[in-house]
Amino acid sequence: MAALAAGVSKQRAVAEGLGSNQNAVKYLGQDFETLRKQCLNSGVLFKDPEFPACPSALGYKDLGPGSPDTQGIVWKRPTELCPNPQFIVGGATRTDIRQGGLGDCWLLAAIASLTLNEKLLYRVLPRDQSFQKDYAGIFHFQFWQYGEWVEVVIDDRLPTKNGQLLFLHSEEGNEFWSALLEKAYAKLNGSYEALVGGSTIEGFEDFTGGISEFYDLKKPPENLYYIIQKALRKGSLLGCSIDVSTAAEAEATTRQKLVKGHAYSVTGVEEVNFHGRPEKLIRLRNPWGEVEWSGAWSDNAPEWNYIDPRRKEELDKKAEDGEFWMSFSDFLKQYSRLEICNLSPDSLSSEEIHKWNLVLFNGRWTRGSTAGGCLNYPGTYWTNPQFKIHLDEVDEDQEEGTSEPCCTVLLGLMQKNRRRQKRIGQGMLSIGYAVYQIPKELESHTDAHLGRDFFLGRQPSTCSSTYMNLREVSSRVRLPPGQYLVVPSTFEPFKDGDFCLRVFSEKKAKALEIGDTVSGHPHEPHPRDMDEEDEHVRSLFEEFVGKDSEISANQLKRVLNEVLSKRTDMKFDGFNINTCREMISLLDSDGTGSLGPMEFKTLWLKIRTYLEIFQEMDHNHVGTIEAHEMRTALKKAGFTLNNQVQQTIAMRYACSKLGVDFNGFVACMIRLETLFKLFRLLDKDQNGIVQLSLAEWLCCVLV
């Protein structure tokens, strides 16, 4: 209950702007300015109670309490390590990033790339902090997390051994921004050890809020040059590297002066006329050193003598120190991989940049309601969350060689918080997605999930290449204009997890979650609908309480269970007293806490309707229906509910084996009827909003 209320409160705050870089979420409720002011007023340096300087902050296994690797560690503030500590010395540069005894080189590479873009760097590293002015032992950083910016506050106590920083540190002995940044990121993820192993892309995204693509340059798409050209035009961050197969190859230099294992930045592409034919060139930068490419189109290569001198001068002006040109064909031969981090619109301020349009959805896979697994599981696949994208504007500049107008879309599916959950043994799930074109006759269908029949025999228009246990799977797709259904899923069904689905499009795309409608129109029976069996039930009622008397919850339980226990077409252990109280709550119009004869008749007819639905859904006649089938059962009973409500129902009414028995099924239906009835009575303006005082609210939920 508390988690649900917190979720609703969070959604409302986000709608009002919480989570932007200018209004970041306060991680764990800690506010930097408030805490710093308290410390300055009291004259005491900040000690972070949420991430204390103790073994639990280091890790849980290899760096856990009692591990030999953690013996002799002392937490010290920079003021205890050197006489004149500085936050930043001469600007943040790649030389400030030196790896320590933690396997987080993926994070360090991302930080190094971030130093090349000052605007993006200072979104992560607020400037309002130092070891001189208003120093109170407290620092703060901002990271993008699953659709929102989060401000993380830390104290400046850092793990040391023999007077030296244990983990990330700067070449400058008195500079500490990089070590403090690593600590803040460790806090966000639960511990330093949680940072071991990862992808540079993960760091890129958490520092920028962008969406990343990866290309294997041994198998490049035909239009890769065009993709790079457009990415640069949109202000994206591009990095490339040469794979190393052994540790000995790291830092090795190729015959033509390229360094293996280093991350190079891609900074430009141009086309020149060379010997009467077009030659594609690409400009790179090595932020790690002075070594530069010595092959064709390098600084003093002879190829430059065979192009227009004015064009040569123009390209010379575009290349800064540390940058060099090479042919695109050589680029594909020499490098192994290319990573593109496409920035979200709020990361880009220049009006000249062609920005992406972004739509973001947060969702959840819940066992028994929305965790349907992949297409290998057709019985549950359709229960996964479903999202509709409407693409009606084609790209302005279509690719060469394409005849049909298309819409370019970047899809990214990211699972949430798995790194933080490593300490409890929850690793990455295998995730992926499929995209289906919606036929014309279903384009207006938005109020409920597309069912099992829609997916049977239907092939996706495109899908993620494979299910992978990565934090994010993403791909660039080109689709004809139309409406599309995106289905994100885990590989196996019944796997709980939170996710974030992002859609970056060249042109503005309309998008919505399918089945976000909530409505309830349950069948209202009439006592004249009673048949022979119903007359028997009525006579039993009169036998228990008399013709004109009212029946209590305990008596109701005895009557209903006696009738239903005689049925041979179902397995049923009986209604419990709480379900019977729910029944009385729904139909007790005069507030006596009991049911009269007419109210009892109405109740029995409702139960009979629910029994018909239950037996239809109990395919194996075992006395339970599978929790994921509740969506269909609820629809048959007149309820259309969104994923959030479906997930709540699964948590409330399904047993550990994800089955719902008849008692739970009826309790759910009766409860829903009661809640819809209450809301309609209170929604006087019929605008879908009810305002209640605290006392009124308590009376309603306690009914």
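A Cβ is built for glycine as well, from the same backbone N, Cα and C atoms used for every other residue.
According to Swiss-Prot, the protein carries these features:
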DOMAIN    45-344  domain 'Calpain catalytic'
ACT_SITE  C105  active site
ACT_SITE  H262  active site
ACT_SITE  N286  active site
REGION    355-512  region 'Domain III'
REGION    513-531  region 'Linker'
REGION    532-703  region 'Domain IV'
DOMAIN    532-566  domain 'EF-hand 1'
BINDING   D588, D590, T592, S594, E599  Ca(2+) 1 binding site
DOMAIN    605-640  domain 'EF-hand 3'
BINDING   D618, N620, T624, E629  Ca(2+) 2 binding site
DOMAIN    670-703  domain 'EF-hand 4'
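The most crowded of the binding-site residues listed here (S594, T624) is T624, judged by how many other CB atoms sit within 10 Å of its own CB. Those residues of the chain, other than D618, N620, T624, E629, with a C-beta within 8 angstroms of the mean position of the Ca(2+) 2 site C-beta atoms are M617, H619, H621, V622, G623, I625, E626, G659. Rounded to a whole number, the C-alpha distance linking D588 (Ca(2+) 1 binding site) with N286 (active site) is 77 angstrom. Counting only same-chain residues at least 6 apart in sequence, those with a Cβ under 8 Å from the Cβ of T592 (Ca(2+) 1 binding site) are E550. All chains included, 20 other C-beta atoms sit within 10 angstroms of the C-beta of E629 (Ca(2+) 2 binding site). Considering only the recorded positions N286, D590, S594, D618, N620, E629, the residues lying within 10 A of H262 (active site) on a C-alpha to C-alpha basis are N286. Mean per-residue pLDDT, taken over the domain 'Calpain catalytic' (45-344), amounts to 88. Least crowded of the recorded positions (H262, D588, D618), judged by neighbouring Cβ atoms within 10 Å of its own Cβ: D588.
In three-state terms derived from DSSP, E629 (Ca(2+) 2 binding site) belongs to a helical segment.
Every protein chain considered, the tally of other Cβ atoms within 10 Å of the Cβ of D590 (Ca(2+) 1 binding site) stands at 10.
In this structure, N620 is the one among the recorded positions N286, N620 with the smallest number of other Cβ atoms inside 10 Å of its Cβ.
Other C-beta atoms found within 10 angstroms of the C-beta of E599 (Ca(2+) 1 binding site) number 21, with every protein chain shown included.
Taking the Cα of E629 (Ca(2+) 2 binding site) as the reference point, the closest of the recorded positions C105, N286, D590, S594, E599 is E599. C105 (active site) counts 15 other C-beta atoms within 10 Å of its own C-beta, drawing on all protein chains shown.
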